[in-house]
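Below you'll find the structure, written out as structure tokens, and then a few comments.
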Amino acid sequence: MTTVDEDKILHDLERGAPEEGGGSAVAEEFSDPFDIANTKNASHNLLKRWRQAALVLNASRRFRYTLDLKRDEEQEKRRRMIRAHAQVIRAALLFKLAGQRATVLGTAVVPPSPSGTYGVSPEQLASMNRDHSIAIFEQYGGVKGISGMLRTDVETGITGDDDEFAQRRDAFGSNTYPVKKGRTFWMFLWDAWQDTTLIILIVAAIASLALGIKTEGIEEGWYDGGSITFAVLLVIIVTATSDYRQSLQFQNLNEEKRNIQVEVIRGGRREKVSIYDIVVGDVIPLKIGDQVPADGLVTTSHSLAIDESSMTGESKIIHKDQKAPFLMSGCKVEDGAGTMLVTGVGINTEWGLLMTSISEDNGEETPLQVRLNGVTTFIGIVGLTVAFSVLVILLVRYFTGTSKDPDGTVQFVRGKTSLGHTIDGVIHIITAAVTIVVVAVPEGLPLAVTLTLAYSMKKMMADKALVRRLSACETMGSATTICSDKTGTLTLNQMTVVEAYVGKRKIDPTEDSSQLPASVSSLLDEGLAQNTSGSVFLSKDGEVEVSGSPTEKAILQWGVKLGMKFDNVKSESIVLHVSPFNSTKKRGGAAVRGRTGSQVHVHWKGAAEIILASCSQYIDINGSLQSIDNDMDFLKDAINNMAEKSLRCVAVAYKTFEADMVPTAQEQLSQWTLPEDDLVLLAIVGIKDPCRPGVREAVELCTHAGVKVRMVTGDNIQTAKAIAQECGILSSNAETGEPYVMEGKRFRELPEKEREEAAKLLLVMGRSSPTDKLMLVQTLRKQGEVVAVTGDGTNDAPALKEADIGLSMGIQGTEVAKENSDIIILDDNFASVVKVVRWGRSVYANIQKFIQFQLTVNVAALTINVVAAISSGDVPLNTVQLLWVNLIMDTLGALALATEPPTDHLMDRSPVGRRESLVTNIMWRNLLIQAIYQISVLLVLNFEGLSLLKLKNDNIQHANMVKNTVVFNAFVLCQIFNEFNARKPDELNVFSGVTKNHLFTGIIGSTFILQIIIVNFLGKFTSTVKLSIEQWLICFLIGIISWPLAVAGKFIPVPKTPLGKVFVKPYQRCIAAREART
């Protein structure tokens, strides 16, 4: 927990630099609880503070999609309890370990009991893994014995058809765990009931119903109370239905997030399957950044290090090998590589038990959601004030005898009016005031964010983007810079070796093995086949297939074309130790010993200039060793020439070692550092990875939209520069030197002030490490930039977490990178990143449309009822009518406007400022024009309607009913027509694209039809009467005038200073007073 001071400092940091010109003393002292720029890493204190400051009528609904702070704390306690349980077991095992190992042969271990056709039961395997029992492990015969009992091969995996996998699921269970069922429709119905104002209305309706039946009889007396009850029930059902549909969308998206793709070895081939399809007996290769998908045993390991913090709560990295073979599901591979044999899946694992107990999604709030709660609170305070004023005025007028019925009869006469009639009159006044609160406090406004996010997230899946954090979707609309990887994001990730040098000779064509002597071919084959995380195998069709990362695949494919027999080469030698490739070292190595020879070859492969710098000799085309000193310039030029053609340059080298110089003990060997100097250069290859089609246009679109694209890559600076020019990040006439183009090391070594200046202009960073990327992100954020960053490696996790929006790669990204990201780009394509920017801006724009529409209704409805109440003691829009307006405004309006698809127009704007006013001056202009028009016309109708509508000769009661119906009908039609205006707040043509949004047209059509039914057929419930064709045309004309009025209004210029600042002082004082009381 943070202290109050720490919380204040954090809040100040989040608020950023003060605006130019300073502010008033009130503004400086006031800390707005709703001003949270980034909820990504916000403290519980900040999140609790805005909840306490919010004016809420229905907490269960309002906070449904926010983080449940109480449950979050409870689940963290549960995690700690489960982890503590695991730690107690580990401690006890460490205490017993020496005794177990010493007496393992004499230890009484329960022999394995068969399960179906398998030699061991799932309970025994789970017990062994849970207790990390070396005694049982060795008694069962180690990995070899257990794999035999599970009828699997530790090298080729399971061989069998679908029936074999079904049989294993029956015997050992599936790799799934029970997920708590989603909330049912009835739960959402119950939540919708919890609105304070609706409860008051129901109570009032029941009282009105009882009094009406008592005084007027059941046939006529039930209409007033019954109509209010029906209207409230309709609001509740429609609200619950809308909320339920949203929850189903979120459930589907959460299911997608959990469905991880895992590489397995089956029948000697590597293939990707869903994590849910893993079965006991599967053999799974592990590499840096992978999540361990099930409980299992290490079969092979090379410096394999596991982060078990997700299970134990300790950040200590555990090294795994044959002496410590137990792997727990849910843990992450921190370093090294290896393979595992699956022994436990689903609820037979500790991770499965943990996830079963805490599987319910907690939700989260977004910055826009918090700000909208602030807007709702502001509107609510105004609405409550107005409602209370109306209540007082109407009660005073009623009890002083100035309130009259339409026929002129005084409603209350002291000593004459019965108690029942008095109570009924007071109930009508209270329901009128409470209904104003229902309309005035827009409970649905913050939930409109969730609605538009749910819609956007579903559509973004089709655009190859999976949103992991809701807030990222909207924050992307504010992004000012994108730091993008090169490989696979800006390029196709379809790599091919197109140039190759052996010694000083260029091999042309690259696959011509006749140009290589046998000694060079043999060393190359060994280096390529053994120093790789990829694999070569025959497909089911008998064709050669290659697996691995794109770079590994390109090099292995080149080796195969040169005649390399992958399986033969691997069988002729033994890998002693591996130093896996990572993005920091930019190289990987393997120590290999021939099965018959006494020599050990240490093979290295990696970034060409880094490997070259470690070489002292090279093998020429004749197979002879030559000193590299005299030819270093030639080789560097060869690398630069390839890099300038946008080729990725990779070098292959080796060093000969005598076998007796290599550690023999397993523990010493696992800690052995492979020699990295005095290497012999074997070959340098240039790998082509062409730019993605359309990436140049996507970069240009970003630049046009005010979003600067930067390339951050681990590649050679020349390669990076060439690709950047090809993609349009560097224009042809742009500076190609510092500070526009810079190596990561150079950027890292700059003094802080110079680094900040360089970061502003930097467009391309080559040979960058994950630390350099993190430093760039931190520097840019410090300058006020909203930073989106792409990453695929484990070491990218800090930068992904630090960035405002972390974008991981769905194809090449590791599970660690994905877990630390906010959005997963499923096709690794930069064009998809740009689509996310469009969707982010669309979320913000849609919310603004809804706010403009809702504020117009609020201002008009409140003003009309208040003016009428003060002047005549009656309100023209009654309870049922206002509930119908509330339904149009709150739920149906949100559905219609919050689901508008993004348009190209959004990319013509600058990024949305994080603290830009939600209600812009353009919105104020639009809503004030419409509200003033509606108020003026409808108040004139209210006071002069009898003469304007030529009703003076009619029965006074019927004439008043017709007049009020026309006011109500015209008001609703104004909202229907104004909904079109709200679609395009800053465009003249409000109809563009309207036919493509079927939901919008459907809601508008349904609302209009329902309005006709309400006016013509439900008069008893809504206090309306049938209107003539002429009266309908008058209402229609009043509504349609809002269209030309909106067009004319858009030619009125608006000031640059936000009008919202005018209202900020009284609002701040009110919120500060509320906080002081809490």
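Every residue, even glycine, has its Cβ placed from backbone N, Cα and C.
Feature annotations, reproduced from TrEMBL:
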COMPBIAS  1-18  compositional bias 'Basic and acidic residues'
DOMAIN    142-213  domain 'Cation-transporting P-type ATPase N-terminal'
REGION    1-24  region 'Disordered'
TRANSMEM  192-213  transmembrane segment
TRANSMEM  225-244  transmembrane segment
TRANSMEM  378-399  transmembrane segment
TRANSMEM  426-455  transmembrane segment
TRANSMEM  922-941  transmembrane segment
TRANSMEM  999-1019  transmembrane segment
TRANSMEM  1031-1052  transmembrane segment
Long-range CB partners for the transmembrane segment (225-244) (under 8 A, at least six residues beyond its ends), listed in sequence order, are 61, 64, 183, 185, 188-189, 191-193, 198, 201-202, 204-212, 431, 444, 447, 451, 879-880, 883-884, 886-887, 890-892, 894-895, 1020-1023
Helix, strand and coil residue totals from DSSP for the domain 'Cation-transporting P-type ATPase N-terminal' (142-213) stand at 46 helix, 3 strand, 23 coil
Averaged over the domain 'Cation-transporting P-type ATPase N-terminal' (142-213), the pLDDT of the predicted model comes to 81
Sequence-distant residues near the transmembrane segment (999-1019) by C-beta distance (under 8 Å, 6 or more away from its ends) are 884, 888, 892, 895-897, 899-900, 965, 968-969, 972-973, 976, 979-980, 983, 1025-1027
